[in-house]
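Noted in Swiss-Prot for the protein shown:
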DOMAIN    4-50  domain 'TM2'
TRANSMEM  5-25  transmembrane segment
TRANSMEM  32-52  transmembrane segment
TRANSMEM  81-101  transmembrane segment
TRANSMEM  105-125  transmembrane segment
TRANSMEM  135-155  transmembrane segment
TRANSMEM  186-206  transmembrane segment
TRANSMEM  218-238  transmembrane segment
DOMAIN    277-347  domain 'J'
Amino acid sequence: MAKGLLMTYTLWAVGGPAGLHHLYLGRDSHALLWMLTLGGGGLGWLWEFWMLPSFVAQANRAQEQRQGSGRGTPPLSLIRFVAQMIVGMYFGLVALISLSFMASFYIVGLPLAVGLGVLLVAAVGNQTSDLKNTLGAAFLTSPIFYGRPIAILPISLAASITAQKHRRYKPSVGSETLSVRLYRLGLAYLAFTGPLVHSVLCHTAVTLSYVADTLGSFLSWFSFFPLLGRLLESVLLLPFRAWKLLVGDHGISSSYFQEWEKLYEFVHSFQDEKRQLALQVFGLSEGATNEEIHGRYRELVKTWHPDHNRYQMEEAQRRFLEIQAAYEVLRQPRKPRGSWRWEETSF
């Protein structure tokens, strides 16, 4: 039966973040992806507003596409590649939170989780990729970064590149009943959320330690990109601030809430650590004025500008980037410790 555009937009508006419109169009992989990410954090759901007509047209000519499936290679998509990277890291982070207690987790559990996240995005729409090669790339990469939470980044990169290299159109399959499709989606959803919910509810402190370690590794990678680092910190702290704004201090038990406050403090402390490192780069002490910072910046830039150090170009470029990054950090006004509590209670 032909799919209607009006019905698709209605389902998109009513249950878009849960993937109802994709379920209606027979895009089960896309529906599962939206279920597990709440519509790609909301951004993917909003962006789809302009894509729904093409999704409906694709669903209505699905039979013709099946007949021509397997012929040729789908065009390379930068958006799909980036989405594979992000979802792969997201699956890896969830695995770190919920399954890191397992033996050989970094050899089996982590690459499997990241690889499945990459494959889920690869299977969106009328495309798919090779399961063995994609998971193989993930498993081969994981031992190189064994025991490090940051391993989810190179594993996701390797799996995404492999998935793009082996991309192809989906083969022809027979139609399935809605109950079978819902059963499969339900099992996949429970497999993803079950361990996570158990870990969060029963092992809060341990869960937070893994989250903190992982966030620390990620944020440290952006120490030379202050603007991007601050954006990531704001995104990470947004759920906490929203929860505080909605329920205050009485939404959950104080002992439980204190555990999550520790995570907030952990992420928030990166501003102080980055400022101390920036002061070391400038050779200044705490309490330096803006005039002193600006003057020292001009001196260091003049000394280490690559054009003035042609015989040690590599060292000059490295120091020049350090100086620029440190200056961006020191330019930002510093909030006193604990000011975030006052900001939230002032509401």
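Numbers here mean position along the shown chain, with the first residue as 1.
Glycine residues also receive a Cβ, built from the backbone N, Cα and C atoms like all the rest.
Sequence-distant contacts of the transmembrane segment (5-25), counting only residues of its own chain at least 6 positions beyond either end whose CB sits under 8 Å from a CB of the stretch, comprise 31-35, 38-39, 42, 45, 48-49, 52-53, 55-56, 58-59, 181, 185. Cβ atoms under 8 Å from those of the transmembrane segment (81-101) belong to residues 33, 37, 40, 109-110, 112-118, 120-122, 149, 151-153, 155-157, 159-160, 163-164, 192, 195-196, 198-200, 206-207, 210-211, 214 of the same chain, restricted to positions at least 6 beyond its ends.
If you average pLDDT over the domain 'J' (277-347) in this model, you get 74.
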